[in-house]
Amino acid sequence: MVNFGKKLMADQIPEWKGYYINYKLMKKKVKQYGQQVQQGEKDRRRVLKDFSKMLDDQIEKIVLFLLEQQGALASRIEKLGKQRAILAEQPDISAIAELREAYREVGLDLIKLLKFVDLNATGIRKILKKFDKRFGYRFTDYYVTSRSNHPYSQLQQVFKHVGVGAVVGALSRNLADLQERQGSYLSIYDQPSTALKDPIIDMINSSVDKLTRSTNFLRFLGQHALIVGEESPSTAEEEEIEDQKYHFMSLMLNLVNTFLYMVNTYIIVPTADDYSVSLGAASTVCGVVIGSMAVAQIFSSVYFSAWSNKSYFRPLIFSSIVLFLGNVCYAMAYDMKSLTVLIIGRLLCGMGSARAVNRRYISDCVPARIRMQASAGFVSASALGMACGPALAGLLQWKFKIYMVTFNQSTLPGWVMAVAWLLYLVWLWISFKEPNRATEVNGTQQNPASVQRADIEQLENGLAQPLLRDSSKKDEDDDEEVDDSEEGTHDSRKPATSIGSAYRLLTPSVKVQLLIYFMLKYAMEILLSESSVITNHYFNWNTSAVAIFLAILGLTVLPVNAVVGTYISNMFEDRQLLMVSQITLLVGIIFSFKITSTYSVVQYVVSALVTFVSAEVLEGVNLSLLSSVMSSRLSRGTYNGGLLSTEAGTLARVVADCTITAAGYLGIGKLLNVTLLPSLVICAASIASTFLTYNSLF
């Protein structure tokens with residue numbers, strides 16, 4: 001494997017040689033410090049102080065050179081601007097062409113500077129990881145916290161790179177102004193939609209986007225999916241391999257599976273209480289009916305995740321068949337007068353949850369250039385299914401019999417979904433294409449592209465990742481000079497092989513993010529699952545009214561994420577949004593309580609909207625942070641970060657639905673406050689936990 005030390009030497013610009021991070025020296029120092037600590041010559045506090053000072057000096061060297069180069073580029077642009085002003089008064093086509101070439105040369109030099117920043121960023125990240133691995137100490141957390149929060153932070157000055165943005169803006173404007181359009185010179189500020197798309201500007205913007213990991217709506221949506229493996233291939237050969245694996249119709253089938261499953265989950269919510277009553281149970285038993293699907297999903301997520309190591313087609317076939325049978329059982333329970341059959345039907349539906357397969361397919365089989373779009377499609381399909389489920393239930397208000405089979409508002413959701421899954425099964429059988437798989441390595445399947453990516457360190461790898469975070473297997477330092485413990489063993493890079501080993505990889509920051517995810521899913525499930533019971537008790541809403549209310553809640557998901565992903569997340573840090581959205585969620589929960597003798601529709605609807613929207617915002621920010629602070633060993637394999645977050649969310653739904661059923665024994669009048677109390681406590685605990693780990697959330 002190409003080690004980073006050699007890559008740094010090969011890729012650095014010769015005339016800038018003295019300004020790169022001295023990775024070789026830093027690596028030797030880490031080894032030396034390790035030996036000194038083992039021999040008792042230095043204590044750890046002294047080592048931390050010395051190493052911090054050395055790293056500070058290296059970063060300062062990079063910062064000062066970066067600022068110097070930015071100033072030089074700005075000076076060149078200023079001089080070219082004077083020439084442009086002269087040409088504006090006395091146009092000369094040949095002179096304009098020469099001037100545009102001069103601007104392009106500045107652009108090429110800017111790209112060189114971005115590559116300089118990238119190599120150094122990768123070097124800093126790697127040396128921090130090496131130090132952590134050597135000493136078993138989260139030095140990265142300490143260093144990031146102490147340096148990034150300082151008002152004179154050099155880390156912030158480099159990696160926010162405001163100066164680069166100013167240079168890009170100046171280049172874009174000047175190149176656009178040199179483009180003759182109908183005999184005049186137009187400003188990109190006057191007509192941004194018609195601004196010149198010069199290839200050099202596209203190259204610069206691409207580099208800046210990768211380096212900053214800038215947030216936009218598409219990326220914000222994609223982060224909801226917690227789909228890992230977003231590195232770009234470094235060679236045309238790798239891109240060709242990825243393209244060979246990619247099959248558009250197979251991707252669409254995975255997204256449709258996601259959509260149908262979410263419809264299947266929420267289509268029964270408006271009528272579950274009536275169905276329970278018709279079978280002789282209390283209306284609050286709807287909690288068990290709704291939650292039984294989540295109970296089964298806890299187990300199905302694990303075996304589907306493991307199964308996807310070997311195949312995607314067979315798990316999807318199995319999922320469709322089980323979901324078809326589950327919905328038939330759910331619908332037939334009415335005529336069989338059996339609550340047991342009803343719950344078995346929902347359990348079967350939960351056993352057919354293939355969301356782990358859908359995530360894995362996008363991660364492994366979709367080319368990197370469109371993986372974020374596919375991830376956003378996964379989230380959008382989930383949100384659309386969540387809205388369509390209750391809306392569809394509101395439309396299924398007919399009542400008739402065919403022979404001995406009853407079709408009404410309780411059974412029609414089951415029959416409709418059974419037909420939908422049967423049609424999907426036929427489409428899947430005809431159209432799905434199983435991607436080629438390489439030999440199995442260490443219990444996990446590796447495709448040719450991932451094998452090559454593991455062997456080739458690439459420039460884009462650092463650009464695509466934040467500076468100080470754990471990276472994937474290919475980001476590990478497999479230097480040829482191996483000593484006792486400096487170069488991690490193969491085991492230190494293997495994915496987690498069990499829930500227990502995955503849990504041991506969780507840092508306090510990750511645990512807090514999983515707690516927050518549990519909390520928000522719990523609050524949302526309480527709100528949605530008991531909505532039919534609460535609204536019927538207090539407001540006498542019928543099934544159609546409940547369905548419309550739930551559909552409206554579901555339809556807020558994409559607009560809210562559009563606002564947050566496009567605007568708000570670019571103005572504030574993720575951790576700031578995390579704290580604010582939790583506080584807003586807490587406010588929504590508090591206002592949901594029935595404190596006075598009357599409980600109005602306005603209070604319920606407004607508090608529900610605040611709670612639901614806050615939880616949606618929180619989910620996106622939470623998963624974004626979770627992907628940043630999670631160990632690289634949890635980015636692949638069966639027990640990956642996506643599975644852990646799914647398990648946390650599913651467990652929250654199970655607990656919430658059980659809480660509803662248990663609280664029902666105290667009476668419908670007490671149901672609302674009793675079920676909201678755990679939400680209040682867990683939300684307060686998550687806010688306190690966030691406050692304690694706030695400085696490590698990067």
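Using the three backbone atoms N, Cα and C, a Cβ is placed for every residue, glycine included.
Owing to the predicted nature of the structure, the values given are computational and were not obtained by experimental measurement.
As recorded in Swiss-Prot, the features of this protein are as follows:
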- 476-486: compositional bias 'Acidic residues' (COMPBIAS)
- 2-145: domain 'SPX' (DOMAIN)
- 467-495: region 'Disordered' (REGION)
- 248-268: transmembrane segment (TRANSMEM)
- 279-299: transmembrane segment (TRANSMEM)
- 316-336: transmembrane segment (TRANSMEM)
- 339-357: transmembrane segment (TRANSMEM)
- 376-396: transmembrane segment (TRANSMEM)
- 412-432: transmembrane segment (TRANSMEM)
- 514-534: transmembrane segment (TRANSMEM)
- 545-565: transmembrane segment (TRANSMEM)
- 577-597: transmembrane segment (TRANSMEM)
- 605-625: transmembrane segment (TRANSMEM)
- 671-691: transmembrane segment (TRANSMEM)
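Where the transmembrane segment (412-432) meets the stretches 316-336, 339-357, 514-534, 671-691, the count of C-beta pairs under 8 angstroms peaks at 316-336. Fewer than three CB pairs closer than 8 A are found between the transmembrane segment (339-357) and the transmembrane segment (376-396), and contact between the two stretches is not assigned (pairs 6 or more residues apart). The largest share of C-beta pairs under 8 angstroms with the transmembrane segment (279-299) comes from 248-268, of the ranges 248-268, 376-396, 577-597. Nonlocal intrachain contacts for the transmembrane segment (248-268), taken as residues 6+ away from its ends with a CB within less than 8 angstroms of a stretch CB, comprise 275, 289-290, 293, 312, 316, 319-320, 323, 327, 330, 346, 349, 352-355, 357-358, 361-362, 365-366, 374, 377-378, 381-386, 388-390, 392-393, 413-414, 416-417, 420-421, 424, 427-428, 431-433, 435, 528, 550, 554. Residues 284, 512, 515-516, 518-519, 522-523, 526, 530, 533-534, 537, 575, 578-579, 582-583, 585-586, 589-590, 592-594, 599, 656, 659-660, 663-664, 697 of the same chain lie 6+ residues outside the transmembrane segment (671-691) yet bring a C-beta within less than 8 angstroms of a C-beta in it. By the Cβ criterion (under 8 Å, sequence separation of 6 or more), the transmembrane segment (514-534) is not in contact with the transmembrane segment (316-336), since fewer than 3 such pairs are found. When averaged over the domain 'SPX' (2-145), pLDDT in the model lands at 82. Sequence-distant contacts of the transmembrane segment (376-396) (same chain, six or more residues past either end, CB-CB distance under 8 Å): 217-219, 221-222, 224-225, 227, 254-256, 258-271, 358-359, 362, 409, 412-413, 416, 543-544, 546-551, 553-555, 557-558, 561. Only residues 6 or more beyond the boundaries of the transmembrane segment (316-336), in the same chain, are considered here, and those with a CB under 8 A from a CB of the stretch are 253-254, 257, 260-261, 264, 268, 275, 278-279, 304, 342, 344-354, 357, 404-406, 408, 410-415, 417-418, 421-422, 424-425, 428-429, 432. Each residue in the domain 'SPX' (2-145) gets a DSSP state, and the totals come to 126 helix, 0 strand, 18 coil.
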